[in-house]
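Step one of this worksheet: look at the structure below.
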C-alpha cells in the first residue's frame with residue numbers, strides 16, 4: 001500500500017491565503033490610491049485617461065487630488081522649469097498595477113462609477129491586485145522551500161514568516177498590500193523559483209521569466225538591482241564553482257544576452273520617459289528634497305538593525321534565527337549559500353545608506369519586507385537543524401519561537417491601536433509599553449518629538465528648553481546713512497536693487513546641538529527706507545546639503561508687517577529637521593525680493609535645547 005503523505009505545506013499555504021483575504025477585508029482601508037501608491041499609480045490615469053503625462057494641465061490633477069483626498073501635499077511629482085511635471089517614482093509599480101487598472105476602467109462605467117481613474121472600482125481593483133500578489137508570493141515561496149526541505153519544515157517556515165514578522169502589516173492591513181513591498185516580496189519569490197528552474201534545465205522560458213521579474217523589480221525600486229546577485233552567484237561557493245559558472249554562462253551566451261536585453265528593454269521605458277519629459281536619459285527624480293537620499297559612504301547598519309526607533313532585529317527578532325540559519329545552510333547547502341549571503345549583505349547595506357533609514361509610519365523595517373522571501377531559506381535550514389536536536393533543545397527553541405510569535409502579533413496589535421508608534425519610538429518608551437495594552441499620556445513624552453504637531457502649532461513648550469545666544473551678525477563691515485542710527489555697533493547692511501541678500505549666518509548642525517533636534521530663534525532688525533507698501537522682504541532659514549537647500553522656511557509679507565521710519569524687530573522660530581548629515585549647515589539671512597531700499601542690523605540666532 002502506498003504511504004499517504006500529508007501535504008503540510010499546502011495546508012499552511014491555504015491557511016495563509018485565507019488569512020490574507022480575511023485580514024484585508026477586516027482592515028479594509030478608506031483609501032488605497034493615496035500617498036506613495038498614488039505616486040506609483042499616477043502614470044496610468046495621466047497616460048490612458050487624461051493623455052497628459054507631462055501634466056501640462058495641473059489643475060486637472062489637483063482637482064482629482066482634492067476630490068479623492070489622495071495626498072495632503074503633491075510630493076509625487078516635481079515641477080520642471082518649463083512648467084510641466086516629472087514623476088518622482090519610477091514606473092515599475094505602474095506596470096504591475098496596469099492589469100487591475102484596465103479591468104477597473106472597463107467595469108467602472110458599467111456599474112455607475114466615474115471612469116476617472118480614482119473612483120471605487122479603481123481603488124478596489126488595486127486592493128484585490130495586492131491580495132493576488134501576496135497569495136502568489138506565498139505560493140512561489142512554498143515551491144522554492146520544497147526544493148530544499150520536506151513538507152513539515154516548509155509549512156513551519158511559511159507560517160513563521162507570516163506570524164513572526166512584519167509581513168502581515170504590509171500585505172494584509174490598511175491597504176498596505178498596494179505598496180511596493182508586497183509586490184516585491186512576490187517578485188523575489190518568483191525570481192528564486194525561476195533561478196532554480198533555469199539552473200536545473202537551462203530552458204529558455206525560465207531565463208525569460210527571470211529577466212521579466214528582475215527587470216520589473218529594479219524598475220520598481222532601483223536599489224533592487226541586488227536581485228541580480230541571486231542568479232549571478234547561484235551555485236558559486238569556491239573558485240572552481242566560479243570557473244564552472246563562467247563556463248556555463250559562456251555556453252549559454254544566448255540566454256545571457258536575452259536576459260540582459262529584456263532587463264534593458266524594461267528599464268528603457270523609464271529612460272525614454274525621462275528623455276521625453278526632462279531632456280535627459282538619466283534624471284534624479286528625488287532631488288526636489290535634498291534632505292533625503294542615498295549616501296553610499298554613510299551607512300546606518302547598526303541603527304537599521306538594532307535601533308529602538310525602527311530596528312529590524314528589535315521589532316522582528318525572529319529574523320535572528322534566519323541569520324543563524326546561514327551557518328547551518330553553509331554546511332547543508334553551500335551551493336546557494338554565497339548567493340543568498342551576498343544578496344543579504346549588499347541589500348542591508350543599500351537600505352541602510354538611505355539617509356532617512358527610519359522613514360514612513362510603519363511597523364519594523366518596511367523596506368526589508370521583500371528580503372523575507374530570501375531569508376526564509378536560511379530560516380528553513382535553521383529549523384532543519386533544530387529538528388535533528390534532542391528533545392530538550394527542541395523544547396527550549398520552540399518556547400522561544402512561540403513567545404516571539406506572540407510578541408510579534410501583540411506588537412502588531414499595539415501598532416494598530418496606536419500604542420506602538422510607527423516613527424517616533426525610543427528605548428525608554430518601548431520599555432514603558434512592553435506587553436502593555438494601554439499607555440499613559442505622560443509616557444508619550446518619552447517618544448521622539450512630534451514634528452508634525454510642532455510644525456503646525458509652533459514653539460509652544462519653550463519652558464521645557466534651555467536657551468543660549470549662539471551667533472550674531474551686526475554687519476560692522478557694512479555702511480551707514482547719516483540720519484539713521486544702527487541698532488548695535490556703528491554700521492548696518494543696506495539692501496536695495498543692487499544688493500538683494502544680507503550676509504548670512506551659517507552654522508553646522510553639529511555645532512548647534514548633539515541632540516535629535518533644537519529650536520532656533522532668529523531675530524533681526526529691519527528699517528524700511530523705501531515706502532513699506534513697495535517692499536517684499538523675507539527672513540529666510542534653511543539647512544543645506546551640498547549647496548542645495550532643504551527644510552526651507554521664510555517669514556515674509558504679508559505675515560511680516562513693517563512700520564515705516566523705525567527699526568522693526570522680526571522674530572522667527574525654526575525647528576531643526578532630521579538633518580541628512582551632522583555637518584550640514586543651518587543658514588539664515590534677509591532677502592529683499594523687490595529691491596526697495598531697507599536697512600538690516602543685528603541678525604542673531606538663539607538655540608533652545610530640550611532640558
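Cβ coordinates are placed from backbone N, Cα and C, and glycine is handled just like the others.
TrEMBL annotations: computationally assigned, not manually curated.
Copied from TrEMBL, the annotated features are:
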{"type": "DOMAIN", "residues": "124-264", "note": "domain 'Glycosyltransferase RgtA/B/C/D-like'"}
{"type": "TRANSMEM", "residues": "6-28", "note": "transmembrane segment"}
{"type": "TRANSMEM", "residues": "95-114", "note": "transmembrane segment"}
{"type": "TRANSMEM", "residues": "120-141", "note": "transmembrane segment"}
{"type": "TRANSMEM", "residues": "153-173", "note": "transmembrane segment"}
{"type": "TRANSMEM", "residues": "179-196", "note": "transmembrane segment"}
{"type": "TRANSMEM", "residues": "208-233", "note": "transmembrane segment"}
{"type": "TRANSMEM", "residues": "253-274", "note": "transmembrane segment"}
{"type": "TRANSMEM", "residues": "312-330", "note": "transmembrane segment"}
{"type": "TRANSMEM", "residues": "336-360", "note": "transmembrane segment"}
{"type": "TRANSMEM", "residues": "367-385", "note": "transmembrane segment"}
{"type": "TRANSMEM", "residues": "391-410", "note": "transmembrane segment"}
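With a cut-off of 8 Å on Cβ pairs spaced 6 or more residues apart, the transmembrane segment (208-233) and the transmembrane segment (153-173) reach fewer than 3 such pairs and are scored as not touching. Ranking 6-28, 179-196, 336-360, 391-410 by CB pairs under 8 A with the transmembrane segment (120-141) puts 179-196 at the top. The stretches the transmembrane segment (179-196) and the transmembrane segment (153-173) are in mutual contact, each linked to the other by at least three Cβ pairs under 8 Å (pairs 6 or more apart in sequence).
Remark: secondary structure over the domain 'Glycosyltransferase RgtA/B/C/D-like' (124-264) totals 121 helix, 0 strand, 20 coil, with classes taken from DSSP. Beyond the transmembrane segment (253-274), the same-chain residues lying 6 or more positions past its ends with a Cβ under 8 Å from any Cβ of the stretch are 53, 86-87, 90-91, 95, 198, 202, 204, 207-208, 210-212, 214-216, 218-219, 280-283.
Annotation: stretch 312-330 has the most Cβ pairs under 8 Å to the transmembrane segment (391-410), among 6-28, 95-114, 312-330, 367-385. Long-range contacts of the transmembrane segment (367-385) within its own chain (CB-CB distance under 8 A, at least 6 residues past either end) are made by residues 137, 141, 144-145, 148-149, 153-154, 156-158, 160-161, 165-167, 170-171, 181-182, 184-189, 192, 224, 230, 312, 319, 321-326, 328-329, 332-333, 336, 340, 343-344, 347-348, 351, 354.
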